[in-house]
């Protein structure tokens, strides 16, 4: 008998090769004005999918599908994928690419002008997965976190420095950290080098996951009061809470001192040193003593 001859199996084209083929086929190019950087790393793609933790019954909203690299894998795992794309040049390409997927829906719209209710058409649980353009990161996060119909979780690609702010701990927290923690629990999944994209951005990125539970530590706290106090506290970061809140709220120092004492917070501390539990105490104290 002759020696066994190993079977030669053609490997799938790399994500970079797929991206170039699609861009050439539809005469596409990354649009700098839209902050487009297309994902070409299989390893990074796998990390996003693992973090998303999708089930066949899940509905997913994908913001900015780009060339559809992530979209294709989402479609294999979720019950429905609704992609929102603003770039009119990508619409035909995405429509053609996914015409064989009955669980795919494409919305040609600016995500910042489209609410979750408009996207979904009904009140259903959903997850958000997105490779966000840097220039709309904060706006998109705020839009979905503040929406009446919030996602169960968000897995987003953001600028590395923004990711560090999102997951910062007490002592380093800024207004962005605090805002996200009011609604959910953020965690860093992975740092992503520029080479994972085409064209590569000038800075590194990171994958962040935000889980939005039914109830949070801030349950019972007025959203309006919380953000009013938080913006005042961080408005002049180098100042003590006593001075920052007095200036930001336009309230006399004796009244602010009384609020801080009532919440058990040293007036000489700064906003970034407060834990979420302490912000809750301060908010409840403020609500119980209208100034």
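Every residue, even glycine, has its Cβ placed from backbone N, Cα and C.
Going through 64, 68, 171 against Swiss-Prot, the one listed in the S-adenosyl-L-methionine site together with 37, 39, 85, 110, 131 turns out to be 64.
When the binding-site residues 85, 110 are scored by other C-beta atoms within 10 Å, 85 scores highest.
The S-adenosyl-L-methionine-binding residues named in the record, 37, 39, 64, 85, 110, 131, extend over a maximum Cα to Cα distance of 20 Å. Within the same chain, residues at least 6 positions away in sequence whose Cβ sits under 8 Å from that of residue 131 (S-adenosyl-L-methionine binding site) are 37, 39, 48, 64, 66, 70, 156, 157.
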